[in-house]
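What TrEMBL says about this protein:
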| type | residues | note |
| --- | --- | --- |
| ACT_SITE | Asp267 | active site, proton acceptor |
| BINDING | Lys153, Lys173, Glu222, Phe223, Ala224, Glu271, Asn272, Asp285 | ATP binding site |
| COMPBIAS | 1-11 | compositional bias 'Polar residues' |
| COMPBIAS | 55-88 | compositional bias 'Low complexity' |
| CROSSLNK | Lys269 | SUMO2 cross-link |
| DOMAIN | 143-395 | domain 'Protein kinase' |
| REGION | 1-98 | region 'Disordered' |
Amino acid sequence: MASVRSITQQLAGMDVAPKPAPSAPTRPAHAKQPSQQNVAKLLTKFAAPNPMGKAPSSSSSSLRPPNTNTNPNPGAAAAPGEGRTPAADPIGALDIGRYDGGFEQDNEKRGEKVYGEAAEELALDSSVSRYVHPTREWNLGTFDIGKPLGKGKFGRVYMVRTKGEPNYVLALKTLYKSEIVASRVEKQIRREIEIQQNLRHPNVLRLYGYFHDEKRIFLMLEFAGKGELYKQLSKHGCFSDKRSARYIDQMADALSYLHSKHVIHRDIKPENLLLGINGELKIGDFGWSVHAPGNRRMTMCGTLDYLPPEMVEQKEHNEKVDYWALGVLTYEFLIGNPPFEDRSGVNATYRRIAKVDLKIPPHVSPDARDLIIKLLKYNPEHRIPLKDVANHPWITKYRPKGLSRGGSDAY
Ligand code: AMP
């Protein structure tokens, strides 16, 4: 799709505001967006460095947790380096399923070697990364490969387990370098690593390491045991107040964290959210995120239905774009489709967004309605701050006892 490519190129070139994409289709309710996603998804879930913050020695691999349990997410998936003992880890015992030989089949058919500058750009290896504290060295032989989890535009994703103790279960994602080069997103991948390398939050999908061979890049991702949230939404049509409130609680917490790191996500939507083994929400895609300390951006990006008025009108924007998207998400969870969707075309959707033409069905509870209205304000400065979202009655009402904030157990 030309419009997506142009947006992507402008993103890569860091920010000249393009015109809205008039030919881009609006998103049917719960249909996964293929095109723009293909670009964004590639950049997902990148590097979480060795959390111990130092180069591993032979007796202490980066996968080996420190003695204290620093994982703020007590029920979460096995987390290399997150301070969990394998025996205590519920996911360690998981059956990783049967490997179908897909990596080899793929490698035969697709992908050529990449040379020159692009090869340098894509020589991504967390053991020698200039950005992060190095992790231990990885290669395909480190893992027992299990069942396929899915296919992305640039390669497949498999469930894997490290061969050596403590047998961590991960999602291993391949990206074919030649296809990345053909799509001209090499630089974005590197940038994505820069953005994600230090992100640690129970509701943000981790990437524990990455390595490459001549044709491919491999990403060692946190395994999201319950898969994609949008599939759940498609299955159920919409979510209950309780389920929606708990997801929004976790989202608000994760976004507060990202904003504290000067990361604006800019592409919050159900398709970019995964679910952990306990059903906890994981922001799993940083394709459109931008690292902007004190900086206001003027780039058109994101999914149409989730775009805030300031982006539709091509004005400068800041982290409050994510507040707006949280409002849209709340609405979509509860009602089943985004609030400004207009099947008659993109421009109609834009108009509805710019007018904040918001119609909340009568069955929506007063508290939920109140929060949606407070998030979907035309003026970004008037949107309810995330810390107030966390204290909103609709959120606190459904928060599990004992949790003082969103956290990872709230699902
Ligand atoms: P992607 O290339 O990220 O779109 O991944 C393709 C598919 O693989 C997704 O639609 C998911 O179903 C699955 N997948 C990707 N990453 C993970 C993960 N970390 N854990 C579990 N499944 C995943």
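Using the three backbone atoms N, Cα and C, a Cβ is placed for every residue, glycine included.
Automatic prediction, not curation, is the source of TrEMBL annotations.
Only Phe223, Ala224 of the recorded positions listed as Phe223, Ala224, Asp267, Lys269, Glu271 bring a Cβ under 6 Å of any atom of ligand 1; the order follows the sequence. Within the model, the domain 'Protein kinase' (143-395) shows a mean pLDDT value of 89, rounded to a whole number. Ala224 (ATP binding site) is 17 Å away from Lys269 (SUMO2 cross-link) when you measure Cα to Cα. Calculated from their C-alpha atoms, the gap between Phe223 (ATP binding site) and Asp267 (active site, proton acceptor) amounts to 21 Å. DSSP assigns Phe223 (ATP binding site) to coil, not to a helix or a strand. Annotation note: Asp267 (active site, proton acceptor) sits in a coil segment as assigned by DSSP. Asn272 (ATP binding site) falls within a helical segment according to DSSP.
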